[in-house]
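The domain 'SET' annotation in TrEMBL covers 55-186. As annotated by TrEMBL, region 'Disordered' applies to 287-319. Residues or ranges marked as compositional bias 'Low complexity' by TrEMBL: 292-305. The compositional bias 'Basic and acidic residues' annotation in TrEMBL covers 307-319.
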Amino acid sequence: MAGTQPPRSVTPNVQQDYDVTRMREEDFERLAVYIVPDVPCEKGVPGRADKTLPRSLTLKPSLVLSTPTATTEGVWSTGVIPRGTRFGPFEGVRTPSHPSDKQLWRYFWRVQELRHVSYGNIKIFKDSDFYYLDGSDPAHSNWMRYVASAYSFSVMNLVACQHQEHIYFYTIRDIMPNEELMVWYCRDFAKRLGYDIDPERATYSICREETLKKTYGAIVKTPVPAEVAYNHVKHVMGLYLPAATVTASAIRNTPTPSPSPPVTTTTVVASATTTVVVPAKHLHQHHHQHLHQQQQQQHHIQVHQTVLREPRRVKEELR
């Protein structure tokens with residue numbers, strides 16, 4: 001219908017927390033009620049990041065970032081901070097690349113570069129380019145560099161959004177005194193980075209892929225011979241495959257998989273090749289496996305799919 005406006009996100013009830021899974025990036029800026037500025041301090045001054053801390057906040061050891069052997073500063077509230085409060089913007093040195101040192105990742109934020117492109121009377125934003133804000137140097141950053149990433153919805157009290165080309169933190173609920181500030185991406189921001197809106201699921205997925213990469217990295221890079229793959233799928237994973245034709249020398253040189261293949265196979269030798277034929281009785285057994293064993297096989301398949309598929313996100317973007 002002509003003149004119909006696209007539906008807007010629901011404005012949250014004043015008594016409820018923001019539903020970050022439904023709200024769009026611009027909603028947080030529209031609903032911001034309290035704007036908290038940084039304490040002014042010139043860039044380049046040693047310890048500038050600490051000096052810009054608003055008076056309603058303080059620096060104390062983080063419960064998330066600190067370890068038994070090393071203490072890392074976090075940002076804590078000194079009083080009640082109401083929902084709808086905006087902090088920022090995040091300050092840092094603009095850079096086109098992300099650091100290779102993982103210890104610095106938490107100080108980097110990716111900014112989508114916005115460019116006005118005109119089509120007659122219509123203006124749109126081109127968002128195919130981006131850059132990073134490097135907050136690793138306290139002399140050229142602000143206090144927001146110390147805010148820890150939330151590891152679940154239950155501890156998340158800030159949401160990060162990009163407004164124009166600035167990164168702001170918005171409170172999604174009332175923050176009580178002596179509570180550590182923890183931030184995660186809003187829905188649109190997370191989508192641009194390829195992360196899950198749920199910090200717990202995102203963290204689990206990233207850690208799982210890193211573990212698989214370390215465990216199976218050498219195997220993924222090594223080509224798997226067809227006969228080895230056939231034996232693995234057939235005898236280890238227990239899946240039905242049609243009879244495969246492989247060379248006799250390959251059969252002799254291929255190590256026996258675990259568990260060992262059934263001994264009731266029939267081989268038909270034809271010239272230089274060996275055809276492996278699996279009896280109908282053996283196939284019947286595979287089609288009637290126990291439910292628990294099928295679940296284990298399905299999990300095994302999923303692991304292999306995770307290892308072999310292309311990464312869906314850039315790990316270096318994790319702070």
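Cβ atoms here come from the backbone N, Cα and C positions, even for glycine.
Mean pLDDT, taken over the domain 'SET' (55-186), works out to 90 on the 0 to 100 scale. Mapped onto DSSP helix, strand and coil, the domain 'SET' (55-186) counts 13 helix, 64 strand, 55 coil.
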